[in-house]
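Trainee: For reference, the structure I am asking about is given below.
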C-alpha cells in the first residue's frame with residue numbers, strides 16, 4: 001500500500017491553559033445532547049445546545065479579541081478544531097450584533113415576512129417583555145439590553 | 001413561446017384565491033395587518049378540498065387566525081371563512097336561516113363524493129361567471145335579525161385559547177406563556193361542531209339566540225298619557241337629525257327632534273300619543289342607524305331649569321341622573337318625581353310639583369297661539385304661516401342646538417303651563433319676545449339665501465333682540 005499522508009495535529013503553545021475549560025464545555029454539551037426530552041417542548045429540547053455553543057464560542061472570542069490572552073495561532077487552531085463557531089464570532093465583531101444568540105435569529109430568510117426573530121428587538125420597543133425565542137430560547141440579544 | 005404554458009393553469013380544479021372572505025371581527029382592529037398566503041395548504045373543514053390558507057394576527061392581543069373553510073363553502077352560505085358567522089349580521093347560520101326562512105339545506109349534499117361533486121360544480125360555475133341564484137343579497141332584514149345582529153365588531157373571540165397546562169396546574173412557561181391563564185368556561189355552549197354550525201343544524205349558540213329573541217322585552221308605554229317623547233340613546237356624531245326623522249316619520253307626525261350630542265342621545269316628540277306608542281312598539285329593539293344600535297326608551301318630563309347658565313357639573317349631574325332614571329320612568333312617574341334632576345339652582349330636593357314653581361311669564365299670553373311657537377310644525381293657519389311654520393321649526397330646533405341649555409326635550413306647545421316654562425326660560429334671558437320676531441326674520445332671510453338655514457338660526461335671535469321695540 002502506498003504511504004497515506006495523514007494530518008497530525010500540531011498543538012500550538014498555550015493550549016494547556018485553555019484546555020480544561022474547553023473540556024468542561026465539551027462535557028456539558030455532551031450532557032445536553034443526551035438529555036431526555038420529557039416535559040419539554042420540541043423546540044425547547046434544542047435550546048441548551050444553542051446555549052452551550054454560544055458559550056464555547058464566547059469563551060474563545062473573549063480570550064482572543066477582548067482579553068488578548070492567546071496567540072493568533074492558538075485562536076485559529078481552536079476555530080479549526082471546532083471548539084468555536086467562526087461565523088458566529090464574525091457576527092460579534094459587527095456593531096449591533098455583539099450579543100447575538102445564534103445565527104438563525106438574525107436570518108430574515110428563515111422567518112415569515114422576512115423579519116428577524118423577536119429576541120433581536122430591544123426590550124423597550126417590544127410589547128411583550130418576557131419572551132423566549134423559539135429557535136434558541138434567547139431572552140433578548142439586542143446590543144442595548 | 002411565452003404564451004404557451006406547459007400546464008393549463010391548474011387543471012386539477014383546486015381552489016386558489018387572493019384574499020379571504022372574512023368578517024370585521026376576524027380581520028381585527030389593526031389597519032396594518034400582515035397576512036401570509038399559502039396555496040393548497042390545508043383541506044377545507046367542510047368539503048375537504050384543498051384551498052388557499054391565509055394566516056394573520058387580528059390585533060395586538062390576539063392569537064393568529066387562519067381561514068378554516070374554503071371560499072366555495074363560505075360563498076354557499078355567505079359566511080366568514082374563519083368564524084362561520086354570517087358576513088352581514090354576524091349571526092350563526094341557523095339563526096339567520098330561521099329568521100329569513102331560507103332553507104337550502106336540502107340542496108347541499110353533506111356526505112362523501114356527493115359533497116365534493118357539488119362543491120366542484122358550484123366552483124366551476126362561479127368561475128365561469130354563470131349567475132347562480134344567491135338569495136343572500138336580496139333578503140331584507142326582518143325583525144328578529146335586526147334585534148339580534150351584531151352592530152360592532154366583537155374582538156373577544158380573537159383572544160388566545162385557554163392554556164390547557166394551566167388548567168391542570170402544570171404550566172411551566174410562566175409569564176411568557178402565550179395562552180390565557182384562566183379557567184375555561186364550561187357549559188352546553190362548549191360542545192360545538194364545525195359541520196353542525198355550518199349546515200345550521202343542532203347549533204347550541206343559535207338555539208340560545210333564538211330563544212332570547214323570543215323573549216326580548218317590549219317597551220311598555222308609560223302611565224302618563226301626555227308623554228309623547230321617546231328617548232333615543234347610543235348616538236354618534238355621524239347621526240344627524242335627518243337620520244332620526246327618516247327613521248321615525250313613518251309612525252306618526254313628528255313634532256320635534258332634539259339632539260343632545262353631549263349625552264349621545266336625542267328626544268323625538270310626536271304630535272300624538274298614538275304615534276309615539278306606535279314608534280315605540282315598532283322600533284323598540286330594532287333601531288339601527290348607520291350601523292349603530294340605538295336604545296329606545298320613553299322620555300320623561302323635565303323639571304324646568306331656573307338658571308339657564310347652570311354650571312357644567314350641575315348640567316352633567318342633571319343629565320346623568322336623567323340618563324340613569326329614564327328607564328325607571330317607564331314604571332311609575334309619580335314615584336320618581338322626587339328623584340328628578342334638581343334644577344341647578346337648587347341642588348337639593350326639587351319641589352314635588354316641578355311645573356308650577358315658575359311664575360308664569362308675561363310672554364305667556366302672547367305666545368299662546370301655536371303658530372307663534374317656533375317649535376310647532378305645520379300650519380293651523382294656512383298660507384303665510386304654513387311655510388313659515390316649517391321654517392320656524394327648523395330654525396327653532398337649531399336655536400336649541402346652539403343654546404343646548406337643557407337636556408329635557410323641547411317643549412311641546414299645546415299643553416300650556418306644563419312645558420312652556422322650560423322653553424321660554426331660554427328666551428327669557430334674551431329679552432322679551434324673540435320667539436315672535438325671528439320667525440318673520442328667518443322667513444325673509446331664508447328666502448334670500450337657500451343655504452342660510454343653519455347660520456340663519458342664531459343670527460336672527462341675536463338681531464331679533466337688538467331690533468325689538
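Quick reminder: no glycine exception, Cβ is built from N, Cα and C everywhere.
Pasting the feature list from TrEMBL:
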- B:340-362: compositional bias 'Pro residues' (COMPBIAS)
- B:385-398: compositional bias 'Polar residues' (COMPBIAS)
- B:420-430: compositional bias 'Low complexity' (COMPBIAS)
- B:439-455: compositional bias 'Low complexity' (COMPBIAS)
- B:157-184: domain 'C3H1-type' (DOMAIN)
- B:228-301: domain 'RRM' (DOMAIN)
- B:335-469: region 'Disordered' (REGION)
- B:157-184: zinc finger (ZN_FING)
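Explain the structural surroundings of these features, please.
Mentor: Residues 25-26, 28, 58-59, 61-63, 65, 83, 190 of the same chain lie 6 or more positions beyond the ends of the domain 'C3H1-type' (B:157-184) yet place their CB under 8 Å from a CB of it.
This prediction places the mean pLDDT of the zinc finger (B:157-184) at 92.
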Trainee: Determine how many residues of the domain 'C3H1-type' (B:157-184) DSSP places in helix, in strand and in coil.
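Mentor: With helix first, then strand, then coil, the domain 'C3H1-type' (B:157-184) has 10 helix, 2 strand, 16 coil.
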